[in-house]
Amino acid sequence: MKNKDYPLRSSMDELSTKNDNEIDLEKGPLPEYNSEDGSTLPPYSEIWKYIKTVSEDSSTGPTEIANPNVERRQEFKDSHPNIYSLLRLLISVLAVIVVFFTAWVCVNPLEKSIFGKVAFSVTIGITCPIVFIVIFCFFETWTQAVAQCIKVTVIFLAQCVKVTAVFLAKCVKVIAVGLYNSKKDLVVTIWLAWVVICFILFGCVKDGRLNLNKALICSTCSISAALFFILLLVCIPIWTLKHMLFGLFQVLGVQSCVVIVTKGLMYLFDKHIDATGYEIEASSLFVIGNFLFFYEMERPGALKRMPKFIGNGIASFLGGLGNAFGGIGNAFGGIGNAIGRIGNAFRGANDNNDIPLGEMDVESEV
């Protein structure tokens, strides 16, 4: 019998041997791993990679966030050193000049005594070089400080503006809600103020102390427009701007119609537009404005319904006139019928008077 020799290595051993013989061209041959030393790890293991990354991060330390403005300034300084130095010198000289002239204007040493002039000269002689040295030598430091101060100031002002705008918006909202809830009392107050203003204007014009002429009607229209603008702001919610403007234009339209009709009547009756004409015109607007004012106050939204109301009123008026004329016609018809009946009665009486006497005797005997 022949003895068969079987290999003592398994397939896993062959695979590991094959992997050991292969060399990674990027990493190079693997160094020998000392299993007896517990502190040594394979250089390409995952734990080794992690430890190496952490050690590199700790050695470099925390990275600072670069300021783009500082980087740009440093780049400009490195690329143009002469221009940068000249700029520093120019700014330093300008600062010294500003300090000198400010001190000169505030103190005015020419009006001082000799001791005052000497003190001023010594003070300026010490202050100006210090200012020049500080600005020139610490240019980057104070420019960064000024830039940071400006940035903080701008942010603070923006926050103040934002807070103020929010506060004013809330105040306007609260005032609008308050006006809407207490509109009747406020409307009466506005109306009384408007009446007082109009009477003051009319009184001044009447006494001759104020010669407005054409300005009178314009001022009256302006007062009326402002009044109804406030009125519509109060009676109608503030966010319905379309309805408010619609009502305002309606009031102005009514006032314009009154002005046109008044002037037309004055020209029709050969009445020239003078002070009296303007008083009549303004009084008409005053009466119309008061009527519309109270009507709108008692029935909010009346101005919006005014065209339909006027149309219905005109239709009702014409219908009433038609019914009146129809009634008058019916009355005249009734009178005609009564007159006809009276005529028939008279005709019957005349027919009875024309009967002969012999026929009357026969009828009586029968």
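The first residue you see is number 1, and the count goes up from there.
The backbone N, Cα and C atoms fix where each Cβ goes, and this holds for glycine too.
Among the features that Swiss-Prot reports, compositional bias 'Basic and acidic residues' is placed at 1-29.
The annotation region 'Disordered' is assigned in Swiss-Prot to 1-39.
For the transmembrane segment (89-109), same-chain residues at least 6 beyond its ends with a Cβ under 8 Å from one of its own Cβ atoms are 116-117, 120-121, 123-124, 127-128, 131-132, 135-136, 139. Annotated transmembrane segment per Swiss-Prot: 89-109 (among others), in sequence order, evidence recorded as sequence analysis.
When Cβ-Cβ distances below 8 Å are used as the criterion, the transmembrane segment (119-139) is approached by residues 88-89, 91-93, 95-96, 99-100, 103, 107, 109, 112 of the same chain, each at least six residues removed from its ends. For 119-139 (among others), the entry in Swiss-Prot reads transmembrane segment.
Sequence-distant contacts of the transmembrane segment (149-169) (same chain, six or more residues past either end, CB-CB distance under 8 Å): none. Among the features that Swiss-Prot reports, transmembrane segment is placed at 149-169 (among others), with the record citing sequence analysis.
For 185-205 (among others), the entry in Swiss-Prot reads transmembrane segment, with the evidence type sequence analysis.
Per Swiss-Prot, the feature transmembrane segment maps to 221-241 (among others).
Residues or ranges marked as transmembrane segment in Swiss-Prot (evidence: sequence analysis): 245-265 (among others).
What Swiss-Prot records for 275-295 (among others) is transmembrane segment.
Residues or ranges marked as transmembrane segment by Swiss-Prot: 309-329 (among others).
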